[in-house]
């Protein structure tokens, strides 16, 4: 059977695969995400996941990769831009607490979207399979006190959109529409569909 390599340092993605009983190893991709200049958030997310997979593939010794599948993923948070309807506001990972505060204030009392893309690369054939999910997240109106308290948890660090839905940010979520695991960082239905096209089985 093929061996699965997760090209991600994300503990959330590792936790999801572990919870599904999937056997995998981890190798970190050094792909430069800033090299993707695509403005559309969905296309950008797909291209970033693909870039991560292809970057790791190039680093594997030729005789090592024949029976391996590389799984890469990317997650972006975005919102509609009322001033410029044809553009989207993309929320990456905040660089500092001030940036995280601005993102949380933007989410407060409003709707935003979370796109997660996955890319599966067969190291033997070079074949790529890709899927993505787009989910809606509705935040309650946040008080300054709530934002301040959440920032002190440090959950905003290394989190697209400055929050982790599986943590204390769940207190702020009124509802979601779409894939919960996609919002966390790895949409499992899409993962199941992609892996079913290969010799790798998770069910």
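Every residue gets a Cβ built from N, Cα and C, even glycine.
What Swiss-Prot records for this protein:
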| type | residues | note |
| --- | --- | --- |
| SITE | 12 | site 'Important for substrate specificity' |
| ACT_SITE | 74 | active site, proton acceptor |
| SITE | 75 | site 'Important for substrate specificity' |
| SITE | 166 | site 'Important for substrate specificity' |
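This view paints the features noted in Swiss-Prot onto the structure.
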residue : record                                     : contacts (Cβ under 8 Å, 6+ apart)
12      : site 'Important for substrate specificity' : 164, 166, 184, 185, 186
74      : active site, proton acceptor               : 33, 45, 46, 48, 49, 52, 116, 117
75      : site 'Important for substrate specificity' : 45, 114, 115, 116, 117, 160, 182, 183, 185
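In the three-state DSSP scheme, residue 12 (site 'Important for substrate specificity') falls into the helix class.
DSSP assigns the residue listed as 'active site, proton acceptor' to a strand. Annotation note: residue 166 (site 'Important for substrate specificity') sits in a coil segment as assigned by DSSP.
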